[in-house]
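Annotated features, as they stand in TrEMBL:
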type     : residues         : note
DOMAIN   : 23-313           : domain 'Histone deacetylase'
BINDING  : D94, G144, Y298  : substrate binding site
BINDING  : D171, H173, D259 : divalent metal cation binding site
REGION   : 372-473          : region 'Disordered'
COMPBIAS : 396-410          : compositional bias 'Basic and acidic residues'
Amino acid sequence: MSTRKVSYFYENEVGNHYYGPNHPMKPHRMRMTHDLVLNYGIYKKMSIFRPRKASDLELTNFHSDDYINFLKLVTPDNMHDYSKQLIKFNVREDCPVFDGMYNFCQISSGGSIGCAVKINSKESDVAINWAGGLHHAKKSEASGFCYTNDIVLSILELLKHHERVLYIDIDIHHGDGVEEAFYTTDRVMTVSFHKYGDYFPGTGDVKDIGADKGKYYSLNFPLKDGIDDESYQSIFRPIIQSVMDFYRPGAVVIQCGADSLTGDRLGCFNLTLRGHAQCVEFLKSFNVPLVVLGGGGYTIKNVARCWTYETSILVDSDLQDELPYNDYLEYYGPEYRLHITPNNMENHNTKQYLEKLKIQLLENLRNLQHAPGVAHHDIPPDAYNYSDDEDDEDPDIRVSEADRDKRIAHAGELSDSDDEDGRRNEMNHGLEASIPQRRNQVPITAYDKERPSYNNRNHHNVDDDVDVEMDSG
């Protein structure tokens, strides 16, 4: 029985949002995940919370005022009045305007901020928001199906209480928006394992290591097609072990994009659920406060399988392979099983290639003389504390209330065919994050076949405009 306190954020409303016909991003996958969590009984080992929607003020802790105001005002009916802003903010085919778009952003970001609040207050050791993990969004720009960067907002909240925060990204796409936000600070280390080359967003070279105070605090492991469980773990475990030893983070955030799984509509890796989840399990073994977020994933039946399985690992539950009866059982046929098998595809990541990059990244880590510290400053106020309105009801009752409307699904979300077209994208790189700081101390088209251009970053140093204070511990 796990003694770790796990919080789980879910808002049924998120599954009602619809990016549009044939768009690969399907928020309905969150509802499918939650349905499996309920029917496997995993929810009984967690505290379930409905996220509070992030306010305009909270969103502008990172994003620019004019960008958030635009997201708030634009709708499918009036978007023609915002033609210049649509181009300026890169809200186009990859990131379309859809009904309830701003509400979707508020739910996603509110859940991830809520995770950080639970960690900061020590009410939770692990906090989960599968609706989060939207790692491509920039300060004033949508990108790669992402509008607001809930990850950056969550990390900024964590920095109020933790001197150092580690961010790990196992999505198949490079976590460019998060790296960009923290590129010049040593308070956040970013580590990304991703497909590199002629692949969105075209960033994340092994040579991208950070700048100024953040030099060596960005680690990128560029991968090739077909990486399997064994190869992935041969690099993930030693790299993360060394990062934990050298950096000694007070909290860890992991983005668990499921598009790195075998058979993903937009992916080209060959990981099984077990290989993907071993990353989560390894991080859990360090007993460091952990925020677990979603991300990409476009074969939605496998997304739901993956995030359900990883939830079970976080609460120490063993799941039977045969899926329980659930409202979306037809999605999982003909096997009706939890686990998936790898494809018979070539692994282009040779042992020599992986070993060479691993040695290079470990050498970069050795350039860190010691874990950075932070000077004492006044502590910014915490975000909303979810414990203030938590009721005393049994979790079964609370969850069953949300369960009543979970069966609502947008008709357009019921297709998960693997032959739907992917999306093209155009890339506009560019705005780093303005970051709040530590409390106790402290385009291209997203999936273009052509190599995206890489515009120069306009990095923003977090330490320049945030007062931070260190934990006395």
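Any Cβ shown, glycine's included, is placed from N, Cα and C.
In TrEMBL, annotation is done automatically, which means it is predicted and not curated.
Small disclaimer: the values here were computed from a predicted structure and weren't measured.
For the pair D94 (substrate binding site) and D171 (divalent metal cation binding site), the Cα-Cα distance reads 17 Å.
Comparing H173 (divalent metal cation binding site) with G144 (substrate binding site), their Cα atoms are 9 Å apart once rounded. Of the recorded residues, Y298 (substrate binding site) and D171 (divalent metal cation binding site) place their C-alpha atoms 12 Å from one another.
Just so you know, the Cβ of G144 (substrate binding site) picks up 29 other Cβ atoms within 10 Å once every protein chain is counted. Listed in sequence order, D171, I172, H173, L266, G267, G295, G296, G297, Y298 are the same-chain residues at least 6 apart in sequence whose CB falls under 8 Å from the CB of D259 (divalent metal cation binding site).
In sequence order, I172, H194, K195, G257, S260, L266, G267, G295, G296, G297 are the same-chain residues whose CB sits within 8 A of the CB centroid of D171, H173, D259, the residues recorded for divalent metal cation being left out.
In the three-state DSSP scheme, D259 (divalent metal cation binding site) is classed as helix. For the substrate site, whose annotated binding residues are D94, G144, Y298, the maximal Cα to Cα separation is 14 Å.
Reduced to three states, the DSSP call for Y298 (substrate binding site) is coil. There are 26 other Cβ atoms within 10 Å of the Cβ belonging to D171 (divalent metal cation binding site).
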